[in-house]
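Trainee: Per TrEMBL, the feature coiled coil maps to 1488-1515, 1634-1682, 1710-1744, 1874-1901. If you look up TrEMBL, you'll see 1-11 marked as compositional bias 'Basic and acidic residues'. Under the heading compositional bias 'Polar residues', TrEMBL lists 22-39. The annotation compositional bias 'Low complexity' is assigned in TrEMBL to 394-409, 1360-1369. Residues annotated as compositional bias 'Gly residues' in TrEMBL: 1345-1354. If you look up TrEMBL, you'll see 1568-1610 marked as compositional bias 'Acidic residues'. Look at TrEMBL and you will find 167-377 tagged as domain 'EML-like first beta-propeller'. The repeat 'WD' annotation in TrEMBL covers 362-384, 468-509, 565-606.
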Amino acid sequence: MSSRDAGKESPARGLSAPGNGDNATTSTKRATTVGNPVSQPIPLPASGDAVASTSAAQMGDAITIARDSGPPLQSSSRAASQALVVALPDDFFYDKEDFKATDVSATQMPEKSLSLFYNFGFESYRRNNLHFLNEYTVLTAVGNVLVFINVKTLEQDYMPGLRDGAIGSIAVHPSRKYIAVGESCDSSPNIYIFEYPSLKLYRVLREGAEKGYSNLTFNAAGDKIASVGMDPDYMLTIWDWKRESVILRSKAFSQDIYTVAFSPESDGQLTTSGMGHIKFWRMASTFTGLKLQGYIGKFGLSELTDIVTFIQLPDGKVLSSTETGNLLLWDGGMIKCELATKGKVPCHQGPIEVITLVDGEVFTAGEDGYVRIWDLDTIDSADVATDAAPQPSTPGSAPEGEAPAATSSVPQARVCEIEPLDEIQIGKDVKIKSMIRCLGENSEYLIQDALGHLFSLDIQSRGIEKVMSFHSGSVASVDSSPSSHSMASLGADGALKLYDYITKAVIATATYPGGGTTMTYLPESLDIYGCTLAAGFANGVLRIISHTVAGHGVDDAEFKLQFVFKPHTTAITSIGVSADGTHLATTSADKTVFFFKIDATQTSEDETPAAFSHFTARITPLGFITLDSVPVKLSFSPDNHLNIDEIEPIDENAFEDPEAMGENGDQGVAGKRAFVVLDSGELVSLIVPEPAAIDNSLSYELPKEQLQLKPWKLDVPPVVTAAKPVAKEEELSSANSEAPGPPPETPESRPESLRVNGRLTSAARKAHGLVVDTTSPVTDVMYLEGGYFLLSLTNKDGEAEIRACKYSTPRQSRLVLVYKAKFSDMRLSTSGKYLLAGAVDGMSCVRKFRLEDILLYRWTGGHEAYSQYCKAFEAEATQTAALRASNGKPDDRDYADSQTDLTIMEDVPGQYWFGHAHSSKSGRVTSVAATFDDSFFFTAGADGGLFVWRIMLERIKSSGIDPPADPVPVGDPVADILEPTAYALQDAKIKSEKDKELEDAERKKQVTRQYMRELRMEFLKLVAENEKMPAEEQLPRSALTVDPDLRSDIEKETEKKIELVRKELEWISAKESVIPTKLRKRFLDPLQTERLEVHAFRTSHMVTTFRTIKPEHALDVVLQPLGNAETRSSRAAAFALENSVGAQNKEGRLEGQDHELVAQTNKAGKGLDAKNKLEARKQLRAQRAIKWKELMDAKPDENYEDPRDVAAIRYAEQHMGDYKLKTGEKYIVPESERVDADKKRRQILLLKDSVFSLKENFNQSVLGIKEHKAALIEQIRTGNEQLGTINAELESLEVGGAKQSLWTPTMEAAAYPEKRYEVTPADIAQLRKDDKQAVSEAKGNQEEGFGGFGGGSGVQSKETPPAAAAPTAKSRPGTVGSMDRLRPHTPDPLGFPADIELDLLKVPHKSALQLREEEIRIKQLLYKRDHIHTAINQAVEEFDKSLHMLVKEKVVLEGDLKSADIKLLLLYREWVLLKEFEKHDNFLADKLVQKRSEKNDIDNKIKECQEKLNGKKSDIEVVIKNEKEVQEEFRQIVGENNKHDEFLTKIFKKKIKRSKKKPKTDSQNADQDGEGEVEEEEDNDDNDDMDDLDEEESVSEENDADDAGEECPSDYDPASFARILALREDRLDQEDILVEIQKTVDVLKKENDALIKKEKISDQALRTTENEIQEFQTQKQQKLNELDVVVPLRLHQLQYLEKQSLPADLSGALVFMNQGLAKLRRRIKELQQEKADIRRQHKELRKMHVSLVKSRKEKHAKLQELEARAVDVQMLKFGQIIDLEKLERMGVNKNADELREKLAKEDSKRLKEVEELQVEVLKLREELTEVTKDNTVRLEQLVDLTDTKQTLEEGLNAAQLSVTAEYSGPQHRDIVERQHLISLVQTQAQEIDDLKREIEMLIRKPMRQLPPIARGRAHTTVPPTADPMSRGGLVTGQGIMMGTFENRSMPTTVETVAIE
């Protein structure tokens, strides 16, 4: 089925018809060429979208509602896109056209104008790219096309990719009914599921990767798909593909993944492999749901390798490939063994690419070309014997991937040797990349060869058949024959192939050394048969090759080499051939352009044309030029600009091209014009001179001046912003001003809204105007006739343009084509009707082209902009439409679609077609070409694709060329250049010239030497004749000196050479010293103590030091920042301490205020106690009230707990005496035992420091004993000197045996490692002596060396003992010699040795006295010698004992250090584990700090609010006092028995209208927060309303009053009346002040209540955070409990017995100390005793409780009796129950009044002083308040910002949370907290409603009662029935009642807290 047939599928289930231009999803367009825009790939429609299904009923209402409500694919997040997963109907299909880029442009060719005809390419290096669909059909992907190949007939069907990009991977369903295709594109790649064979789009999987999919696979059941993404995400995704939903996903690896596969036995297990890894996955159910967990395979001792393929064996093992050719058998994530053949020869020589399991046999294939068959059971049971394998590395013994240390040999990988059952070699030059089994046949396989073949293999018959061949890798170039239906392609593999594209066959293949780079056919002017081509290769070789004429029944053609040259040293980038076939040029990456001259034999018209060959043509190298950059393209002018008069009229006067004028003035040029494009973006014009003008006799390099090199650039004037009238001669220069545009912009500066997928929209292009300038880089060029040429360049928007230019007019150009990516190649078809182009992103284009459309004489403007072209095309389209209408033809589209024969369509210029068959990633279009009849065109890409496209607008024509009748003359074949090191033409010429120069120079040298020999012979003759002369006639020797300065010159030259040698030796010496210096700095300088050895003298004991590193390199630098860590870890404790101290201070402060208030109250009543009984009773009653209050305050709450009991319980819990098992489920980590990574790291470093200290202390002991040994050796040396003197004297006394060998111990060299670099002169002399001896031995000299030392030893140190006493290699230096030699001979009974007696007898001449003196002297010497020997022996024995003790100490210390190492390993593992929790630990710690900080802030605000309330209380007392003073003064003025008392009282209490005074209090001046301001505004509104009511009441009172005014009675003192009026003003002022204070108090109360609520919320959040920390600490402890702790125990310590025997499983045992066990046993008795004591105390307390209850009942009865008596007394005395306090206040006592007046005066005096102090205090408080408020505002801002930051972080963390999230936190706590917040919001809303109702009620009341002052947190109320006067209050005219302030103070903060 062809690609166009696939598009004819009938619409199913209401699918929309393709190509609807009015569809909303196809509205996004992309401008690809000049003309109307082409649509860009649209957003993919979601399942059930209206685009894909027009009937909602077919899919259900749920799908329609869910999918049609928003954009199809552009969801806000991945989670949102997967929130609703709805199963699609099984019969639902998408419309593929909705996913394609539809084109509504009028300039596009009809859809059927071009079609994919055939594909000769293949992606040979692509893995997993072959899949059988049925018995004969194979599916593969080439670029962006799915190719269906019939392996029997090689017929092909195609399905292009739905979108631009490439096909990343394909997979086939196990039932062969579905095909999965994974895209590879710039963004949002999809996986398409097609039904086979209908190829309907069944499902679309979205958002599984960022750039593309590298591999897809179905599971065995076929209901799931696993996909792996490409770079950069490498995401592994498991899909439920029918539901289009993601099951699980996780990042697979950080490098390329090649393969993914499900386990054939279980879908819950997968395996992925790729670059340097293999990973095993399983789907695991966790407490948070299903997770995808992966485990990296550990290579261990095996070499790290890329794993391309693998299979999963039935028992769960995995068999994988390697790069080395071995097989790896994996079991449990580890390599069980490597598989190799006998002798450990790899299974394959090279990488293994294929492993498959078939019927119990394993097939493998690799790049060695072999297919080998192995037995499954042998592989499954393969293993390596334990004794033959090296010991596995223990944890921590060696890094991962390295072998552990061994004593005998280096460990090797575990290799198991097996033999294959069979092997088949496919071919020598075969690299097997893929192998699949054919369907229906059990023994046939299809094999993909990376070198360009498909083979069919029959395992049973071992038959191999080549199915098809193709290029290996990229196709470098393609071209078609200019006269026949043949096509040739050149690949990067060096293969040249010839095709007959009509019959779809490859008819010839030839391979040449070096990869191919470019190719072109020679024009018909050289070869009329069109069968000769020029090919360039990567090694710089140019080959002219001819082939058999295709067609005419030729099935097997051949290539024949005609010419071969090597003009370059590197790759040839392009080949250019002139239209007349006379010149050929090549460009190369070595920055050169080489020119050739072609001379072909001319035949007459009657003769048959001869085929092109080296017999009929001659190619002559002309020379080359070197450019500044690499040339990438060369194009010759077809007519040297001479045919311009044939295509446009010429004005001879205006012709201003001086370069086109010849020497004689004619319009000719001597040479060939050409353009060269450089990779730097420059365009260079040159003229190739004629061969006669070129001199290449010495070198092929030509001077640039001879070729007239000139850069050619577009002359783009600057943009003119304002149009001005210009003259006629300035029209060209101002042409660009016709399309004014914005100033130049860079591609980055373009608004993103104007770009779609990296390219500009058509509207944006029009708005930008002209976007080329002089600096626009050129990428390609193609010469046309008349000096015209097509230029490909990159504009300022980053897009590519093709413009038509003219050589002589660089200020003008016409726009031809625009595309978003750079053009890589462009050509004109043979007829010139089509412009072919290819781009670097895989796009290929065909555009209708006419030369007359680009002629500049018709264009009056400058450089054509995109908007200008659009206008021109619209005019052309209008003219064409009018022409069709006049001819009676329908519209273009309808006409084209209605015709079956497209060739009869009228030509519409500017129409184009775009194809995206090549990969956008690696499918750069390398070459495009069209056939001679324009019926086909070809595209070749770097992805290996080679596509043949049929242009349906053209008919297929026959070539009309008959093959030559006379064959080509047979001659010697042309020798090819095969060696890569062969000389290039220039090198060969230079080499021959150099050889000639060398021969000439050698000839001259011989002549000079001969002349010098003759002069020397003549000189010798003269010297001989001079010597023969008599002496007096001879000349002196100096007279015969030819050159007197010769000797001095030689000496100077010798000195220079010596100096040079000295410098070279110095340099060598410095170089050699660098290596040991670096080694010393790396390994020795950081050491604190090196390893040194100290040996014993007599025993074999030896002690060594520990090798330690200096602490500054290991500990000091790291321990320094731990102080900060400790500070950070203790910040929670600091906050707790601060809070506790603050609470204590707060309680103490409040308690102090309470006592102060009581003292003031007592003081107020103290003076009244002695005056009268009334005051005494008042005082007594006040004292009783205070005591009652104290008593009630002291009453404990129902839930009250005695602090002593709480402290006792806490002490008991902390000193329980038991042991908390950390592995227990209910274990709670104490705060003191909580650890984090910093603490654990500190423990590690402290342990390392302790280990270092222990080692250093021991090292000091070893160093001390070393010094002791050195001193002892020095003593022995001194003793030996004394012994030598004694022995010499004894020898002089002729005592027998006096001459003894002395034992001279030496210090071993290992004790002084620091002396390794010391070299003594003796060492140097010894080295020289050894060198001389080695030289003499090499020369065969038999003489012995000086000193008798052989040549076997090296350089000896200065401590080396003499040869006679030197130890052997195995002996210890300290034990040299035998101590028996030091023992003296035993004397005879007379005291003389026997030999001494004999000697004495031999001396008869000595007297007896002399003999006696000698005898005494001998005894003295012998005694002294024995004493020295004894002292030496004792010192040596003591030293050996000390060293032995030190050895024992080291053994014990090493054991302790080994335990420390085990502990260090455990600490390190704990640190690694804690490091994983560090992030969350820090987060919780910061959260705790934040919550505590918030609580402290709230407490401070509450404290501040309470202080303000207390301050207002003082203000109220002052106001009340002032009001009382006003009342007293009024009473004094009125006096007693005043007849105007009632009138004056009415005047005094009358409320009048007057301006309100608004005194500013402290609270009003202070800045309140947002909530306080809102509440204050509401209160002010309420107060204003109440004031209005008061004013209305006062007005009514005035109306009800008597008509008498406020005039003073005639018989009353006017001064007193005026004073009463003034007092009335004072009273009203005090009332106003009181009202204002009361408002402020109300605001403070509301603020206090709000703060109390915040405090509760803060306390709850703090407790929640502490609980989270506790839970997190428990989780950390559980993870730490999983670590194994090594505890060395002896067998007798194990008391965990079962049936008096040690159980095999000790997992249930507990390691415990005996002391702890005894303590627990004692604790049992202690607890029993404590329990008995507590019971006894409880019994006594119960008795006391009964007694107290009885006493309370008695007191209650007595209280009731006293109350009844009081009632009886009042009824008898007053007849009713009255208020005694009110009665007391009504009494008048003049004496008391006088005393009060005196007291008031004294108080006023003191109050003034107090007020002054209070003013000063208030100022200071205001300053403090302002500073505090400013700080509070800043803290609140900080808290808000912190909360915002935390909210954003939580949102980001939640968005990025994947299925493999490390820690998600408890979910139950989140739910509970959310419910708590909801209930809190509801409660607050209810409170707000209640407050609003209360405010409305208060507003409607005519009289209102102020609430109690400073009630704080306690909501106490006064009974409304109580009489105000009975409470000692003041009744004002406004009904305001104030409580008792004298007898009972306002409730303080302590009281309110206690009440709460």
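Backbone N, Cα and C atoms are what each Cβ position is placed from, and that goes for glycine too.
Automated prediction, rather than curation, is the source of TrEMBL annotations.
Explain the structural surroundings of these features, please.
Mentor: In the predicted model, residues of the coiled coil (1634-1682) average a pLDDT of 89.
When Cβ-Cβ distances below 8 Å are used as the criterion, the coiled coil (1710-1744) is approached by residues 1217-1219, 1221, 1687, 1689, 1696 of the same chain, each at least six residues removed from its ends.
Same-chain residues lying 6+ beyond the ends of the repeat 'WD' (362-384) with a Cβ under 8 Å from its Cβ atoms: 311, 313, 315, 317, 319, 321, 325, 327, 329, 336-337, 339, 347-356, 414-416, 418, 420-432, 435, 445, 447, 450, 457, 459.
Long-range contacts of the repeat 'WD' (565-606) within the same chain: residues 515, 517-520, 522-523, 525-526, 534-542, 612, 616-636, 638-639, 672, 674, 676, 688, 691, 700, 702, 977, 982-987, each at least 6 residues beyond the stretch ends and with a Cβ under 8 Å from a Cβ of the stretch.
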Trainee: What residues in the same chain, six or more past the boundaries of the repeat 'WD' (468-509), come closer than 8 Å to it by Cβ-Cβ distance?
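Mentor: Residues 117-118, 120-122, 124-125, 149, 154, 449-454, 515-521, 523-524, 528-531, 533, 535, 537-538, 545, 547-551, 554-559, 830, 926-932, 936, 938-946, 948, 956, 959-961 contact the repeat 'WD' (468-509) from elsewhere in the chain.
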Trainee: Please count the residues of the repeat 'WD' (362-384) that DSSP assigns to helix (H, G, I), strand (E, B) and coil.
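Mentor: The counts are 5 helix, 11 strand, 7 coil.
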Trainee: So, by DSSP, how many helix, strand and coil residues make up the repeat 'WD' (468-509)?
Mentor: 0 helix, 24 strand, 18 coil
